[in-house]
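J.: For reference, the structure I am asking about is given below.
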Amino acid sequence: SETAAEKFERQHMDSYSSSSSNSNYCNQMMKRREMTDGWCKPVNTFIHESLEDVQAVCSQKSVTCKNGQTNCHQSSTTMHITDCRETGSSKYPNCAYKASNLQKHIIIACEGNPYVPVHFDASV
């Protein structure tokens, strides 16, 4: 079965797309990355940077996660991300999303050895 690091990559990494933020992108990607299986995941962020650059955030500034854990890290530079949010009319199995194309710092949780991203916490 999938590791936490693999799940992070499936749910959040889209390195090679520059994603012009159209809702089609979110609708396709949420489906393709299996976040509409059994329910519609309400919010999800895709990161359009190299995996190497995102993994490097694990050695950048330590911050407290939303849940109070202390293994979150904030990127020193802004990153190109797409926020996908469920629309009001979205209803499983016809999950519908709108896209926001953003340039923000990401906050991710890291764990393990090697110390790698396992959870997307926020963007600021």
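From the backbone N, Cα and C atoms, a Cβ is placed for every residue, glycine too.
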J.: Can you pick which of Arg32, Arg85 Swiss-Prot lists for the same substrate site as Lys7, Arg10, Lys41, Pro42, Val43, Asn44, Thr45, Lys66?
T.: Arg85
J.: Could you tell me which of Cys58, Cys72 is bonded to Cys65 by a disulfide, according to Swiss-Prot?
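T.: That would be Cys72, the partner Swiss-Prot lists for Cys65.
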J.: With Cys26 as one half of a disulfide in Swiss-Prot, pick the other half from Cys84, Cys95, Cys110.
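T.: Partner cysteine, according to Swiss-Prot: Cys84.
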J.: Need the cross-check against Swiss-Prot: the disulphide partner of Cys40, picked from Cys95, Cys110.
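T.: So the cysteine that Swiss-Prot bonds to Cys40 would be Cys95.
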J.: Let's see if you can do this one: DSSP helix, strand and coil counts over the compositional bias 'Basic and acidic residues' (1-13), in that order.
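T.: Grouping H, G, I as helix and E, B as strand yields 9 helix, 1 strand, 3 coil.
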J.: Same chain only, please: residues at least 6 beyond the ends of the region 'Disordered' (1-23) with a C-beta under 8 Å from a C-beta of the stretch. Say none if there are none.
T.: 29, 33-35, 44-51, 54, 80, 82, 87, 96-101, 108, 111-112, 116-120
J.: Fewest other C-beta atoms within 10 angstroms of its own C-beta: which of the disulfide-bonded residues Cys26, Cys95 fits that?
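T.: Cys95, out of the disulfide-bonded residues Cys26, Cys95, has the fewest neighbouring Cβ atoms within 10 Å.
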